[in-house]
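Below is one structure, written out as structure tokens; the observations come after it.
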Amino acid sequence: MINTKCIHPVQNKWKGDLPCSGPGVLPTVIEQSGRGERAFDIYSRLLRERIIFLGTDVNDQIADALVAQMLFLEAEDPEKDIQLYINSPGGSVTAGLAIYDTMQQVNPDIVTMCYGLAASMGAFLLAGGSKGKRLALPNSRIMIHQPLGGAQGQAVEIEIQAKEILFLKETLNNLLAEHTGQSLEKISEDTDRDHFLSPQEAVEYGLIDKVVNSLN
């Protein structure tokens with residue numbers, strides 16, 4: 001059996017092991033209208049303001065939700081920016097690339113904002129926002145590294161999976177070099193191990209464009 005999922009070692013030790021938010025946990029916003037009151041969960045209300053969130057590990061389910069939200073917002077208004085808030089330790093490379101490809105394909109600019117931690121695929125998506133609109137809050141942390149993975153089974157199966165991980169590593173490094181302006185050699189060197197940056201260091205590196213002190 002082959003484990004094809006590329007994983008990131010900074011797991012929930014960087015984030016609390018929180019349960020999935022249910023109806024009794026998510027804050028609810030009540031709006032008044034001529035037809036009476038309407039209740040929205042907070043994320044649905046923010047979606048109306050074109051604000052979406054990546055606040056967990058990256059997986060296929062999260063990718064499907066974010067892709068759907070971006071496509072919906074593009075259909076609503078193909079010109080107005082979409083804001084993507086990121087607080088994620090990373091996760092599946094293929095799921096992350098699905099989000100990334102959609103960010104590049106939709107017409108609206110994607111404003112990325114790091115709050116908390118953007119690590120591994122989270123940092124990659126942060127850097128993949130529209131140029132000049134990649135932001136971070138002052139006490140957030142950003143980390144880049146190479147994809148990890150594991151395989152088991154016959155030797156030939158392990159070899160196939162190793163080649164796939166190397167392919168994904170090359171793909172991510174090339175894209176990071178494109179988005180940061182760093183050389184491919186430097187990206188390869190810096191991602192060989194966990195490479196943590198402060199927001200200001202991320203600006204100097206080219207991962208983001210600005211540290212913001214106010215959300216207004």
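Residue numbers in this text run from 1 along the chain shown.
Any Cβ shown, glycine's included, is placed from N, Cα and C.
What Swiss-Prot says about this one:
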ACT_SITE  SER120  active site, nucleophile
ACT_SITE  HIS145  active site
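Cβ contacts within 10 Å of SER120 (active site, nucleophile), excluding its own Cβ and spanning all protein chains shown: 30. Take the CB of the residue listed as 'active site' and look out to 10 A: across all protein chains shown you find 21 other CB atoms. Separating the Cα atoms of the residue listed as 'active site, nucleophile' and HIS145 (active site) is a whole-number distance of 6 Å.
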